[in-house]
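Read the structure below first, then the notes.
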Amino acid sequence: MATPDRFPLPQVPETSRKPEWLKVRLPHGEGYERVKAIVKRTKLATVCEEARCPNIAECWGGGTATVMLMGEVCTRACRFCHVKVGAPPPLDPMEPIHLAQAVKEMDLEYIVVTSVNRDDRPDGGASHFASAIRELRRESPRTIVEVLIPDFKGVEKDLTTVAEAKPHVVAHNVETVERLTPTVRDRRATYRQSLRVLDYLKRRPEGLYTKTSVMVGLGETDAELEQTFKDLREVGVDVLTLGQYLQPSQYHLRVERFVTPAQFESYKKLAESYGFLYVASGPLVRSSYRAAEFFMKGLMERERLERLG
């Protein structure tokens, strides 16, 4: 376990103003504008826009996007998330086809597909995810497909449905340390259940790469973060992203601290010591992060060349 003096770097106390390192320029660029136009015309729901992601220009300009399936209304009320909560509408059976067509037109190198929680569905939407994966792989065989999935209540049959569709990467976020999980996430989402989900997916015969994300600035300690890194490696997680929690509205959890870039670098080195394939750690890092996706693309290209002999 880490002790407090193991991390001597300064940390910034809570303030009503964001520090300079969290400020970004307005998105622009030819690649960004092209993807933006297609997204608008096809009415594609992107997390990039919905969450006002600070990395949108870098990702869209570099051939990466994150899209949201199954509507914009979630059945769970996590206290860090700005997505609307309520009774979602019925699923659109044509959505996987329309998504695949839009991604093909955008000519993306990497697509991340995520969703709201759909506890109203018998399988939590697992079959809808699987349909989207299959359509994407058929329409854009050179595009790497990552899915960022809910926990599906931990039901292995539903996790199997997604895994058997063979995404290249499957992500499920633990979001925070174990102690804070009941405060940060909906009561139906538990830290241990998320670990079981990641463990099950890693042990599947499909040989999937697994990924998760942790927010900092919610009141966690360094020792708790280190324990989280250890827990994640024990269930075989390959890729970890660490980023700053930002309060989306006055009704959500407040930011307890703004973590400095130097401290993020310290966390990165600590996490790497546990053997993750890749760790992205920084104030503006999000679950879907261009640098991590670039790493996965390179890794899979090397594997392809090795198979060719």
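Cβ atoms here come from the backbone N, Cα and C positions, even for glycine.
Automated prediction, rather than curation, is the source of TrEMBL annotations.
Summarising the annotation, TrEMBL assigns [4Fe-4S] cluster 1 binding site to C48, C53, C59, S288. Look at TrEMBL and you will find 60-277 tagged as domain 'Radical SAM core'. Taken from TrEMBL, the feature [4Fe-4S] cluster 2 binding site applies to C74, C78, C81.
Within the same chain, the residues at least 6 positions away from C74 ([4Fe-4S] cluster 2 binding site) whose Cβ sits under 8 Å from its Cβ are C81, V83, K84, V85, G86, P88, V116, N117, listed in sequence order. Over the domain 'Radical SAM core' (60-277), the average per-residue pLDDT in this prediction is 94.
Of the chain residues outside the [4Fe-4S] cluster 2 site list C74, C78, C81, R76, A77, F80, H82, V83, V85, V116, N117, D186 have their Cβ within 8 Å of the site's Cβ mean position. C74 ([4Fe-4S] cluster 2 binding site) falls within a strand when secondary structure is assigned with DSSP.
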